[in-house]
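> I have a structure I would like to understand better, so I am pasting it below and will then ask my questions one at a time.
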């Protein structure tokens, strides 16, 4: 049936993992000519990975060469990079099964980073000056605090309440923590997955207290859905303000990708542990193929559709300058090779995590600065009005001479 008998089984405590170790391709009966499922899967998954990667790289190139709103488009490029990472990592895991857990930790590592970038993209679009054309703003870009607080400011303006009002502030703070927790939790899960796999206590098919897989997959699933819901709670109330950015389309495209991927992890994990051996280990498909190869193939197929849809959801058309704008002297931001550094410079992502612990102080500081600016504007307008009402010395002398002549 399969070559499991020649491979050792992993044991932990009183429970034994049914997966062979190491995870290596197990010969099965051919399904296409002389090729078995493993070799067919390697070819098909590889072709799908190449296609989806090239499609997304074309979109990234278009944004890189039409960068009229650099801060927004850098987040778009980071989001789009998740698809090639998925495609390449999963194909290598199909080709070299024993690397599956180690490489899949890269996906776990990158998912919350990308979700955080989408959240920051929403913040950036809300903080950017409102305009009907994608022209670069002549004013200085908003500060990091203004960008981070833009969803709260927008929502408070909609409801005509102060920023510290509980109806908006508490929701904003909970949503911010919901997004910020994603990165530390996912990174901890990724590191724990690598460590437990190295010690032989991970086991992809085990769902008992003796192996780490069930605990880590639950932590990852809960954390991911918490972050997704937090982004949704932030975006939906301000969807009218970001409508011209197709923010909701971008959100659902990205949300569907993460949702399908997370749900499939959970479903395949349950099936692999509960399904009869005749399903997971047959003459044409081995247990290793079912555990690592089949889920990867499903994701590779999905990535093709997402790669094509991303060209619509994250279209570059709204960032392209018109001929009139070009004649007016407006140009794209030409970063050249520096763009690579800017894409991978994720200090803003880490700043988001730190910001979660000082939200109230930042809001109070923001209100104080806004009040100070308002007072200065009122003082300036008042002094201007007084100067227009007050007569100059020349005007007074002229008026006195006219009065003297009349007398």
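Note that Cβ sites are derived from N, Cα and C of the backbone, with glycine treated the same way.
Automated prediction, rather than curation, is the source of TrEMBL annotations.
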> If you look at how TrEMBL annotates this chain, which of 176-194, 195-213, 233-251 comes out as transmembrane segment?
176-194
> Need the matching range: TrEMBL marks transmembrane segment on one of 1-24, 73-96, and I'd like to know which.
73-96
> I'm a bit unsure how to read this: which one of 37-61, 73-96, 214-232, 252-271 has the highest number of Cβ pairs shorter than 8 Å with the transmembrane segment (176-194)?
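Looking at each of 37-61, 73-96, 214-232, 252-271 in turn, the most contacts to the transmembrane segment (176-194) are made by 214-232.
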> Hey, which bits of the same chain come close to the transmembrane segment (37-61), Cβ under 8 Å, at least six residues off its ends?
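Distant contacts of the transmembrane segment (37-61): 25-26, 28, 31, 77, 80-81, 83-84, 87-88, 90-91, 94-95, 284-286, 289, 293-294, 296-297, 300-301, 303-304, 306-308, 310-311, 314, 316.
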> Using a Cβ distance cut-off of under 8 Å, indicate which of 73-96, 102-123, 214-232, 291-314 has the most pairs with the transmembrane segment (252-271).
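Going through each listed stretch, the top one turns out to be 291-314.
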> State, in range form, which of 73-96, 102-123, 291-314 has the highest count of Cβ pairs under 8 Å to the transmembrane segment (214-232).
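The stretch with the most contacts is 102-123.
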